[in-house]
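So that you can see what the record holds, here are the features copied from Swiss-Prot:
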{"type": "BINDING", "residues": "109, 172, 210", "note": "NAD(+) binding site"}
{"type": "BINDING", "residues": "109", "note": "nicotinamide binding site"}
{"type": "DISULFID", "residues": "51-67", "note": "disulfide bond"}
{"type": "DISULFID", "residues": "83-163", "note": "disulfide bond"}
{"type": "DISULFID", "residues": "144-157", "note": "disulfide bond"}
{"type": "DISULFID", "residues": "238-259", "note": "disulfide bond"}
{"type": "DISULFID", "residues": "271-280", "note": "disulfide bond"}
{"type": "CARBOHYD", "residues": "66", "note": "N-linked glycosylation site"}
{"type": "CARBOHYD", "residues": "95", "note": "N-linked glycosylation site"}
{"type": "CARBOHYD", "residues": "148", "note": "N-linked glycosylation site"}
{"type": "CARBOHYD", "residues": "192", "note": "N-linked glycosylation site"}
{"type": "LIPID", "residues": "293", "note": "GPI-anchor amidated alanine"}
{"type": "SIGNAL", "residues": "1-32", "note": "signal peptide"}
């Protein structure tokens with residue numbers, strides 16, 4: 001009986017261990033499959049809301065965009081395997097949402113997303129990709145279908161590290177190509193000179209999808225702004241490191257270009273939140289004018305005193 005009891009006890013322990021193993025496997029299966037963020041909550045509502053709001057920014061002849069049709073065209077990618085979505089899957093979406101970009105208003109960027117959005121000021125100053133309709137509806141969002149199901153995956157979505165043809169990267173590739181083709185006049189580019197890997201990513205959306213699709217006959221020149229973060233390192237500036245690669249590439253392509261370190265209007269915007277930082281101690285002509293103002297005022301007063309005495313003297317004689 002004792003032997004039978006021990007055998008039963010060992011069997012129970014084995015069953016418990018097996019159950020624990022099954023639970024661990026189930027928990028592992030529930031973990032995020034992909035490296036990226038899952039589908040944004042309320043994706044459809046956000047998309048349609050942004051689309052409806054953006055139409056007011058368009059010229060009257062372009063405001064007849066059908067947001068529902070644009071969503072349905074976008075949703076085609078949500079019906080595909082999350083590693084089998086191609087840039088061309090967004091062709092209809094782009095065609096339905098595309099509109100003209102004002103001349104001289106295009107603003108390309110790398111590693112400066114928030115600063116670009118702030119400086120563009122909702123299309124008032126510039127119109128970067130995130131401020132055209134097809135970019136606005138997807139900015140800062142994530143989306144994908146579940147791997148083996150038709151529902152959306154709210155837990156994780158693939159990045160380029162998981163697979164090349166993922167929904168989000170393919171979207172921005174297609175959008176970047178269209179944005180480049182529609183840009184004209186003076187092309188502006190904002191790069192991050194504090195980025196550890198260099199201001200100009202040799203492999204990136206700007207290098208791989210935007211520069212190759214610029215329409216040379218529509219472009220006057222390219223103006224590059226290399227911005228440095230307030231208090232951050234000065235890793236690269238114009239003519240240094242990866243910037244030399246970019247400048248040579250543009251020159252070889254026949255583009256006229258210029259490069260400016262810490263473009264003043266953008267620098268002033270950066271300093272709004274860092275007004276007391278040494279990087280924001282601007283030595284401007286205005287400050288020099290203010291310092292000289294008292295002496296100028298004194299000279300003006302002195303110049304007025306002599307005529308005043310003459311007037312008083314003439315009245316006394318009368």
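Heads up, the Cβ atoms here are built off N, Cα and C, so glycines get one too.
Structure with Swiss-Prot features highlighted.
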residue: 51; record: disulfide bond; DSSP class: helix
residue: 66; record: N-linked glycosylation site; DSSP class: coil
residue: 83; record: disulfide bond; DSSP class: coil
residue: 95; record: N-linked glycosylation site; DSSP class: helix
residue: 144; record: disulfide bond; DSSP class: coil
residue: 163; record: disulfide bond; DSSP class: coil
residue: 192; record: N-linked glycosylation site; DSSP class: strand
residue: 280; record: disulfide bond; DSSP class: helix
* When you average the Cβ positions of 109, 172, 210 for the NAD(+) site, which other residues in that chain have a Cβ within 8 Å of that mean position? -> 108, 110, 129, 176, 179, 204, 205, 206, 209
* To do: Please name the residue among the disulfide-bonded residues 67, 157, 163, 259, 280 whose C-beta has the most neighbouring C-beta atoms within 10 angstroms.
  => 157
* Quick one: Cα separation, residue 280 (disulfide bond) versus residue 192 (N-linked glycosylation site), in Å? -> 17
* Return one of helix, strand or coil for residue 210 (NAD(+) binding site), based on DSSP. => helix
* Asked: Rounded to the nearest angstrom, how far is the Cα of residue 66 (N-linked glycosylation site) from the Cα of residue 51 (disulfide bond)?
  -> 9
* Ranking the disulfide-bonded residues 51, 83, 144 by other Cβ atoms within 10 Å, which is at the bottom? -> 83
* Residues that sit under 8 angstroms from residue 172 (NAD(+) binding site) by C-beta distance, when 6+ apart in the chain -> 138, 205
* To do: Measure from the Cα of residue 67 (disulfide bond) to the Cα of every one of the recorded positions 109, 144, 163, 192, 259, then give the nearest.
  => 144
* Asked: Could you tell me the C-alpha distance between residue 163 (disulfide bond) and residue 259 (disulfide bond) in angstrom, no decimals?
  -> 35
* Asked: Counting other CB atoms within 10 A of each CB, which of the glycosylation sites 66, 148, 192 comes out lowest?
  -> 148
* What three-state secondary structure does DSSP assign to residue 238 (disulfide bond)? -> coil
* Which value in Å gives the longest Cα to Cα span across the NAD(+) site residues 109, 172, 210 as recorded? -> 13
* Structure fact -> Expressed in Å to no decimal places, the gap between the Cα atoms of residue 192 (N-linked glycosylation site) and residue 157 (disulfide bond) is 27
* Asked: Which one is it: of the recorded positions 66, 95, 271, whose Cα lies the shortest distance from the Cα of residue 238 (disulfide bond)?
  -> 271
* **Cβ packing number for residue 210 (NAD(+) binding site), 10 Å threshold** => 24
